[in-house]
Each structure stands twice: as C-alpha cells, then as structure tokens.
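Please read the structure below before turning to the comments.
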Amino acid sequence: MEIRGALDLRKRQVLIFLVLLGLSRAGTESAHYSVAEETEIGSFVANLARDLGLGVEELSSREARVVSDDNKKYLHLDLLTGNLLLNEKLDRDELCGSTEPCVLHFQVVLENPLQFFRFELCVKDINDHSPTFLDKEILIKISEGTTVGATFLMESAQDLDVGSNSLQNYTISPNSHFYIKIPDSSDRKIYPELVLDRALDYEQEAELRLTLTAVDGGSPPKSGTTLVLIKVLDINDNAPEFPQSLYEVQVPEDRPLGSWIATISAKDLDAGNYGKISYTFFHASEDIRKTFEINPISGEVNLRSPLDFEVIQSYTINIQATDGGGLSGKCTLLVKVMDINDNPPEVTISSITKRIPENASETLVALFSILDQDSGDNGRMICSIQDNLPFFLKPTFKNFFTLVSEKALDRESQAEYNITITVTDLGTPRLKTEYNITVLLSDVNDNAPTFTQTSYTLFVRENNSPALHIGSVSATDRDSGTNAQVNYSLLPPQDRHLPLASLVSINADNGHLFALRSLDYEALQEFEFRVGATDRGSPALSSEALVRVLVLDANDNSPFVLYPLQNGSAPCTELVPRAAEPGYLVTKVVAVDGDSGQNAWLSYQLLKATEPGLFGVWAHNGEVRTARLLSERDAAKHRLVVLVKDNGEPPRSATATLHVLLVDGFSQPYLPLPEAAPAQAQADSLTVYLVVALASVSSLFLFSVLLFVAVRLCRRSRAASVGRCSVPEGPFPGHLVDVSGTGTLSQSYQYEVCLTGGSGTNEFKFLKPIIPNFQVHDTGRNMGEIENFRNSFGLNIQ
C-alpha cells in the first residue's frame, strides 16, 4: 500500500509539472501597457474594465485585484471606475538597471467564476540623470615622444538612463593638442579615447589641464564634466602587454568574501621606472567596484562582496596595466557566476478564505504563487497537498495556483480541515517549503423564520394616544447565530390608498406594534396589513403574517339634528289645525349620530313645552304628535324643546326647538316662498348634508313601512289609500322638492321640503292632512291606533 501511495503521489506531481510547463508557454501572450518613470502616484495607466470587456459593477462584484509577480504593489485597481492607477512612483533605473526594455509583469484575478488575465507594464525611461564621472580628476602621463594620432584610454562617464537618454557623446576643451574619439564597442557602450592631435613638448609645456564633458541624448540634454590632467614625460617606448585580451573564470555564487578570483599580469620590456606596472579597473561600473577589488602591484582580483546569481549572472571587468612612463595596455576579465541551489521555494498567498459554507462546491479557498530564485533544475518546482482531502490544486498562470474545494462538504462530519501546501524544487539537494492553511466550515441559512400565528387580530379603541402599544407578533428561526436573529418589518400594503406608514410602526427587534396616531372609528373601522420576519442570514430568508386591526367605537359624537334646522335665524313653525284628533302627527325630529352600535341608538323625549300634556314625542322615532283634542282655550303659539340622546357611555345629547302654531283650518299648504331667488347660488355644505341624511333616513323609513305593510297584508286585506299633494296653481319654484309618503299612522299626511341653495331660510313644513274617505269597517282599527298612541304617552283623553 505504501508503494502504491508513493506512485500515486509521483503521478500527481508529474501531472502538475506538465501543466505548469504548458501554462508557462501559454502565458506569454499578455496585454501591454506603458508608463513613464517617476510618474506621480494615482496617475492613470489604463481602464481595465474596458480592456477586459467587463462592466464596472461586474469588476467590483467579482472582487477584481492586481497581483504582481514579485508581490509588490506597484499598481492599484479602482473598483469604482475600473481604472488601473499607479500606487507608487516607479524608478526604472532602480527596477531594471541597464536592462531594456523594463517590463513589470502582473495579472488581474477575478472571482465567481475564477479568471486570470496576464498583463505587462513597460516603464519608459525619462532623462532624469546626468552623466557623472566616478573620478573628479583623470591623470594621464604622456611621453613627449608620443606620435600624433596616439590614443589614450579614459574613464567613461556613468549615466543611469537608457536608450536615447543615455550617454551619447564626449567633448574636450581646450583642444589645441587633443580631440576625443569614440571607438566601436562590442557591448555598445560609448568609451572616450583621447587622441593626440599635435606633438607634445616637455620643455614648452610639462602639464596640460583639460575639461572632459560627457553629454547624453535627452531633450534637453544633460552633461557632466571631469578634469583631465596631462603630464608630459620623457620618452617611454614600450607599453605593457597582456598575454591574452580576454580571461574567463567561473565562480560559484556561494564563494566566501575575500576569496581569490583570478590573477591578471602584463609584461613591459622597458627597464627601471618605465618597466614597473600598476593594475587598475577602468570603465568599471559601481557594481563591479563594490563586488571586486584588484591588487595594483600583483594584479590579483579578489571577491569583495557576496555574489548572487539571481541578481547578476556575469561581470565584464576591464583591467588596465600602466607602466611608470604612462604607457598602458588593457584586457578583459569575464567572471561568470555559477548558480547553486541556495534558495528554497517561496509561497506567496494573494488571497485566502479560512471559512467556507458547508454546502458549497468548488469554492476558492486560497490563491497563491510559488517562486524559486534559482535557475535550471534548481528553479523547477513541484506543488502538492495531502491525499484524501476534499480539496485540489488548480494551476492558473505560470507558478500560480488556486486551492479549491472538490465537492459540497458536511460540517457535521468534520468542522475543519488542516491543509499543508508543499513546494519542492528539483535541485540537489532538494529544498522544500510548507505552508499550512486551516479551513473552517460555516453553517448555512436553510430555515426561514416562522410566525407563531398565520394571522393576528388586534383591537384598539378609537381616540387612542399616539405611540400606543396595540399588540405584538412573534417569529422563531431554527438556525443559530446571525442566521437565527429575526428582524420585523411592515410590508407594503396591498391597498395603495392605505397610509400604513402613518398608522402603525413595528419594533424591528421584538415585533411590538404601535399606533402612530389617534385613530377615528368614523374614518377607519378596520385595516389589514402584512408583517415580515427576516433573518440575518445570507441570503436572508423571510416569512410573513397577516395582521388585522379592528378599531373599537367610542361615544365621541353627539347627536346632530337634521330637522328642524337649528340655525336660529329662521325658526321653523309647524301649523296644526285645531280640529286635529289626538295622535295627529305635528312633525318629526330627524337626527343622526356619527358613532355606531349602541353609541348611535337615539331616543327622543320632550324636554320643555309651553303647555305640558298637549304634545308628546315618540321615544324611538322622534315623531311629535298631539296628545289630546285641541280646544279654543289652548294658546295659539307653542314652543317645544325636544331632547335627542344617544345610548353611549356616558351618553351625549342635543336639543331641537319647535314652534307650533294652532290654526282654525287650512286647505292650501302654508308655504311662504322667498320673494326673490338669490342672484347667485352659493354652495351650502349644511344643505347638502341635510339632503343626504334626509334621503338616507327616508329610504330606511320607507323600507320599514313597506315591510310593515307586507306583514299586515299577510294577516288581513285592507284597502290602501294614497294621499296626494296639492300643488298651488301657477309657476312652481324649481328649488322646491315635493315629497309625499304614506306611513303607519291612521291618517295619511303630506309634507314638503323647501330647500334653498343660498343662505335664506331652510324650512320643513307639514301641510294640512288629507283625510281619506275610509270605509266603515276601518273605524275600529283607527280608534285602536289612537288608543295605542295615548297609552304610549300615558295620557287619558276624554
């Protein structure tokens, strides 16, 4: 079993290795951007949303981010605009040195689904460095016997810029004896050579001071200068010579400091001081001078600072041998740095998710990159995790991996996983790096809140105080943690005309319901709305319940007298013939109550009368009738005060004042008409109210009469008599309405309503009753009704 497990592991490693090779080849195609060095922080580089063909919202929702190969944050992606911005100033000379072009590699990572896009940022050079000489003074010794056209090597200037901004030319002044020549170089660098243009004469001028100027190709160009001191010597006809022009050595990068690298020696055929040779570096960069040193007498080159193959793979060192007479020779030492497996693989985590939902499959756990600074087999790597884990490694670009869950997990079986990422290189000896990740499984929100009832009925009495607690709703959630925390809310009402937001509110935490304002039963008897319970899971689950609020009526409205009108300006006078029989209907007090139920049950009673015992009021319908026969001794004018009282607790009441005029007889309606109609009809709200209320009461009264008549007809047959209203001859005003009706009285009577639209007198007049010619067999029934009327008032009329 162990051998088989080892073979499986070996197969997985080989497979990942092959995928890495394929991705390394496929990843060469990248999008290119460019930016000038030293550009300010926050400067615009490109719009990634447009280049990737994505919307800004999608870029933000998919958590786009920029990952550099060296894991440095040179760039910043603004998720609000999709713009790629500089996160820091870039110094091309520091980043790439003399390498051209200077390219920084990075990639854009998108999640849900996981995608990678490869990009390159080219840092363009600007002319921000002037040429500089390492030595402030260059000393050259030239024999006076030197022939015209002889050349002398000089130290070159250093310019950190590249391309056209780098060093381009040299000039020297004054140039009476010399000029500058720039020879062709295999490394394409510009080295100055001092050329003798006119023979020197030691006796005339033993020393010359010249200024060497180095000029770059920038716009505008920058320059640097150094002093060239020429000392004229006596004749020295042999220059030092090296056995070979090029020396090559290979040095492992772990060579200790102070170690010997090579020994370079030259020969000079001259004797004495002219045959003494000194060795120096020339045209040497700062890196060479920091890394190596040369013994000026022996020519031995030693290591001064550590070598690092991952930084510089080779050094080209120019060595000059100068004799005592000022003649010199040169050679080149090529030092090749040998790579050793001295760098273990590095694991850089770009993003990590330490908690994932238990029911999610193929969920991104970690995004990471691996890197080995070594080269060859020393830099090749194998990445793996433990077997028998429900996770797998998915390669993306070169040396980039994602750790993804393989299937939906079960938190109840195993709540956490410890994953070890192992990266091993193929060097000798093999080096490896391990990185541990602990993944926790979180519970999912799979239960919606449940109300204790599907519907609630709440009762609140009208005229309540604002912010009154009227009831509560409650819901529970079987989940745990935030998934079980319930928030309550009011849902939009189905009736769009219901101002729910101004009627009730709910406490989001405990479900308590409050009335926001005082409720009026007469305006709103009941209303329904829905409440929602939402948990705090993701995604949130919710449920709803129906709440019905019933407003209980309170006795807050007093009875309102519709007839007779109590405006005080035009008292209503009722005409009663002195020949009226007991029980004669004088008028009817009509009143309404805005309340409902027993609060709107009205009763009538005679409160005051000019002559008590002459008139009576029926308690249930407000009819005013004569209680006995009228006589000549009775006063002609009577004033009656009728009390209208509801059945509420406490009861409310109103009074109506009637004026009754006794007349000897009338055959035509006593109906005074207004002298002139108002010029303009003005709307009177009280008149409209009266018409509506009177029509409602009349309809109800008529229905009661019809029902009563139907019942009586079932018991016995009787002849129906119909009273008719006599209308005066001549033109009849259009604002008068003629109403005739038949009630349950023994007499048929007629009445007219005189309504005006203006502010004139509104009157309700009872006309002279029309006594029909009843048959003899109805006399007993009529007398029985009169007797009942007497008994209802407790009167004994002879």
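Glycine is treated like the rest: Cβ placed from N, Cα and C.
Among CYS102, CYS122, the one Swiss-Prot lists as the disulfide partner of CYS96 is CYS102.
Just one residue in ASN463, ASN487 has N-linked glycosylation site written against it in Swiss-Prot, and it is ASN487.
Predicted-model confidence for the domain 'Cadherin 2' (138-242) is 86, expressed as mean pLDDT. Using a 10 angstroms CA-CA radius around ASN436 (N-linked glycosylation site), none of the recorded positions in CYS96, CYS102, ASN169, ASN359, ASN487 qualify. Ranking the glycosylation sites ASN359, ASN418, ASN487 by Cα distance from CYS96 (disulfide bond) puts ASN418 first. According to DSSP, ASN487 (N-linked glycosylation site) sits within a strand segment. ASN169 (N-linked glycosylation site) and ASN418 (N-linked glycosylation site) have their C-alpha atoms 64 Å apart, to the nearest angstrom.
Residue density at ASN418 (N-linked glycosylation site): 10 other Cβ atoms are found within 10 A of its Cβ, drawing on all protein chains shown.
The CA atom of ASN418 (N-linked glycosylation site) is located 19 Å away from the CA atom of ASN359 (N-linked glycosylation site).
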